[in-house]
Amino acid sequence: MGLMWDKFIWALLVECIFLSGLPHSASKYAFVREATSAPPFLSYDYIVIGGGTSGCPLAATLSQGARVLVLERGGSPYTNPERIHLKNFVHSLADISPSSFSQPFISTDGVLNARARVLGGGSVLNAGFYSRASSDYIRISGWNESLAEESYKWVEKKVVFEPPMLQWQSAVRDGLLEVGVLPYNDFTYDHLNGTKIGGTIFDKKGNRHTAADLLEYADPKNISVYLHATVQKILFRYNTGKRRPEAYGVMFIDALGVMHRAYLNRKGENEIILSAGAIGSPQLLMLSGIGPAKHLQAHGITVVLNRPWVGQDMADNPMNVLVVPSPLPVEVSLVQTVGITKSGSFIETGSGLSLGHSWSERLQKIFEFVSNQSGQPSTFSSENKQRVADLVRFLTGPILKGGVIIEKITGPRSTGHLELITTNPSDNPSVTFNYFKDPEDLRICVEGMKTIIDVVNSKALSKFRYPNLPVQALMDLMLLIPMNLRPKHVNTAYSLQQYCIDTVLTIWHYHGGCLTGKVVDHNYKVIGVDALRVIDGSTFYRSPGTNPQATVMMLGRYMGEQIINKRFSGGQKSEGIN
């Protein structure tokens, strides 16, 4: 009786916590359900692990010619659309509740970061900017240019809009032009040197449109999406006469902790596709036995294939910022204007962000929460807490009356690695990015900060400046914010090199860990394994364009087309490469 009662209570709790929003989700897509409703055993032609920025367009495309299962470890963005509205950008990232869409982590570099756990992936949390990769990037990646163009347009038709360009964004645009970030390329999705207006996934009302919206393209008869479905490992076997391991299924648990198994159908060239992102994909390969053999054995994991490059070449584009308080009202905006400089830095801006009266307390809780999980000490002292509270009051309350101008460097050249801490796929692994290890990255950052300073001092931005706050005071202001756990040096406010190093933040464009040519081939098939691919940003050598989401969504559509076309043609068409 006691066991039955415990199961009843658990089922009731899960329904209250996870399922209460699903009627809304079900009205959007009848094929999206809680994993608690999944049968113990399932079989499909394709199993996509991760319903994120790449996984959603990939699955939607594959469903046009095959039966597809998507396993997403997070919830639905449709349960509460207000939660991901433009005005709630900061709050969404700062939410560390168990049902939040953002899972924070701190890299060993001491920089706070986040990974998505929601259908739609990072497109549910990011700043919404949409800009394609450069034509050179597409050629170097070996993608068919015509299919890439068609795939971008397929995405844009559903989720991309032209931004309104109000007072602050227009002033920064004019400032960039004034200081020589030329030519002016007006509104375009293309990656072009100079200043431009890019696309946004926020509509005119501030509603966010995500990669999950691309599931509208799916054939509802051929696709199943399970939420709060956490994949534990990929299953492998050795077929008669073959020496290579073959992926044939996965094990996943639902919100109640109940284990389920999903298998590939025997008939046809069916595959498991990892689209769990730059953290999740290398992590899950390792948990499944593919990775550096000694590291796996140290965690008691049976080695399926010794692949030392899994988890290597992790990179995160460093971001540095200046906050510019304004005496005049500014609009609530995220990235719309971008300056693509000749030096290799990208200048972007946002304004009027909602911080909330409790922002300092939230920041403290995030650092403490992640520090407790990672074992890293938190330097967020009571003195630091008071500094942040005073700064928020200085910026006049819960809404930032002013703007933030940021610079991100191209590449980057500096890389690090990812390692397991535990064998629980829900836990964050240890990640090192080695920001500015390569001196060229630091040089580009310094040039980017010089451009920001010039823009702040431009005539175009003058009406949004307090005359008694010179740039040096703005830099001093940034040093009061304990936004990372890195030590601050006495010369930080006077040396742009030290400023870049000490105040570095993430722009959430991390990538690598399953690089093309090292972990996967140019068709994104895992080298040395049958029936397994990785299709997401973990395969990128560098971040595409100014912001990667456009290309990550494009890649899902692109590879879905390649795979399904080969399926229909009986394997006669080539994949991926011209």
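Note: Cβ is positioned from N, Cα and C throughout, glycine not excepted.
The disulfide partner of Cys500, as annotated in TrEMBL and taken from the candidates Cys56, Cys445, is Cys445. Taken together, the residues in the domain 'Glucose-methanol-choline oxidoreductase N-terminal' (277-291) have a mean pLDDT of 98 on the 0 to 100 scale. In the domain 'Glucose-methanol-choline oxidoreductase N-terminal' (277-291), the DSSP tally of helix, strand and coil residues is 11 helix, 2 strand, 2 coil.
Long-range C-beta contacts of Gln549 (FAD binding site), restricted to its own chain and to partners at least six residues apart, with a cutoff below 8 Å, comprise Thr53, Gly122, Ser123, Asn126, Phe129, Tyr130, Ile201, Ala211. Taking all protein chains in view, 29 other C-beta atoms sit within 10 angstroms of the C-beta of Gly537 (FAD binding site).
The FAD-binding residues named in the record, Thr53, Ser54, Glu72, Arg73, Val118, Val231, Trp508, His509, Gly537, Pro548, Gln549, extend over a maximum Cα to Cα distance of 25 Å. Shown are the recorded positions Val118, Cys445, Cys500; of these, the residue with the fewest other Cβ atoms within 10 Å is Cys500.
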